[in-house]
Amino acid sequence: MVIEFQHLTKRYARHRPAVDDLTCTVAEGRVTGLVGPNGAGKSTVLRTLLGLHRPTAGRALIRGRGYAELRAPQREVGAVLDAGARTAHPGRRVRDHLRWLARAGGLPASRVPAVLAAVDLDGERRAGALSLGMTARLALAAALLGDPAVLVLDEPSNGLDPAGAHWLRGTLRTLAAEGRTVLVSSHAMGELARTADHLLVIAGGRLRADAPVADLAPDGDPETLEAAFLRLTEAR
Amino acid sequence: MTTRDLLAAEWTKAVTLRSTLACAALAPLLAAALGVLLGHEFGGHALRSGPAVDPLFPCLYGLTLAQIPLVALGVLLTGGENRSGTIGAALLATPRRGTLHTAKALAVTAMATPLAAATVAASFLAARAGLGRRAPAWTDPAVPAALAGAVLYLVLICLLGAAAGTLLAGTAAPLGVLLPLLLLGSQGLGNIPGLRAVTQYLPDQTAQPLLHLAGPQSVPNFHRDYGPWTGLGLTAAWTAAALLAARLALRRRDIG
């Protein structure tokens, strides 16, 4: 398995665990959706996987190793942190943001125009002048810089208009079809119904379901999937 | 992902923001402007009537203000990333936090050194022109020591800003701590006799004997309990302690 969570637990000071004994895996060549209501622990799971948060117990592994042990992290994993939380300095040009990232990873400078073209973004704009939709495109461009086989995306569709959401769905499907591992979180089940092959449903920091989309909604109806989601995530 | 790559990335970040470029340009400009004023002041009437003044004092006194943009630069280069969220991207590219911290400290040092040299040169040459025949002689052995000490001091104070930016994970808090410390410490608190025993150990005060800013050390009112180079060593100890604290904080912190 490409991504493995082994009894992952994260507790922030004096709170109940944000993630509670999560054990599951993510396979390659498909889009896996990490879905749950707001506050379910999705971002905590992904930030722990990416080494930004330190687990209280358990492990999150990528090809058997923790993120911080990866030799060339950008070549192995591309990540989008919660798209609402910008990671490009508002005063820096889009191209320059990608340039420093490429340098930090020892990636060839030619990757910068390549990813700008892939997400159809103007490199001369300053990051602070981008719309939410363009910010999401920049975040995905940064994730694709190292041409990674694994993509970890936290709410990448936040703020996208319908055309942007359509573009993102197509992009994620294409990346998975190329054999990449795509793990994408969302609080909107309907969004994932049309993108994901497999779903990990979490609520209250615990795994509620680990199943193919086809099992949760055999008739392929988004309404059925939504009903299943509400049933799985209701408080126990 | 070598140290060279990380230094190149830090350099790219520094030169692609107007805020950091402006801070970098401001330091030598401010030093030159203050040098002109101080040189003329001390070259003119001040020395004619009063007692003999150390000619290096007006040459380097402007640095007490010109250091502020260098401190701000250090804070922006580190804490600015917390403010903008760039720290998340930096850690995704360089997840080993100790490695990232070392690279940042090296990059700040590499950027601050030529900048500090330019700032000291601007201050010295501008003041020297105004001082005229009262300018310090090139042959005076105190001159190279004071100038070298001033460059080292400015690099250390820029690194202190960088460490505070990392430690306090932002820009407002470290500037709120450092600016009053550096401005009040020298201009205000340092002149209150009862507090001098303590304030003489503040990070900027400790460098003042070496920079000829502490007054004649033979006069009891001006006396410091340490020598010039020991004093700079104390400034270095402040910076080293701040960098260590910043490193430990960065290693433990959850980001975002």
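Easy rule for this one: first residue shown is 1, then count along the chain.
Each Cβ is built from the backbone N, Cα and C atoms, and glycine gets one as well.
As recorded in TrEMBL, the features of this protein are as follows:
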TRANSMEM  B:21-40  transmembrane segment
TRANSMEM  B:60-78  transmembrane segment
TRANSMEM  B:105-127  transmembrane segment
TRANSMEM  B:142-160  transmembrane segment
TRANSMEM  B:167-185  transmembrane segment
TRANSMEM  B:229-250  transmembrane segment
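Looking at B:21-40, B:60-78, B:142-160, B:167-185, the range that has the most CB pairs within less than 8 A of the transmembrane segment (B:229-250) turns out to be B:142-160.
For the transmembrane segment (B:21-40), same-chain residues at least 6 beyond its ends with a Cβ under 8 Å from one of its own Cβ atoms are 14-15, 58-59, 61-63, 65-70, 72-73, 76, 111, 115-116, 118-131, 135, 154.
Away from its own ends, the transmembrane segment (B:142-160) comes close to residues 27, 56, 59-60, 63, 67, 70-71, 73-74, 105, 108-109, 112-113, 115-117, 119-121, 123-124, 136, 178, 182, 203-204, 207, 210-212, 228-229, 232, 235-236, 238-239, 242-243 of its chain (Cβ-Cβ under 8 Å, at least six residues beyond either end). Counting Cβ pairs closer than 8 Å and at least 6 residues apart in sequence, the transmembrane segment (B:105-127) and the transmembrane segment (B:167-185) reach fewer than three and form no contact.
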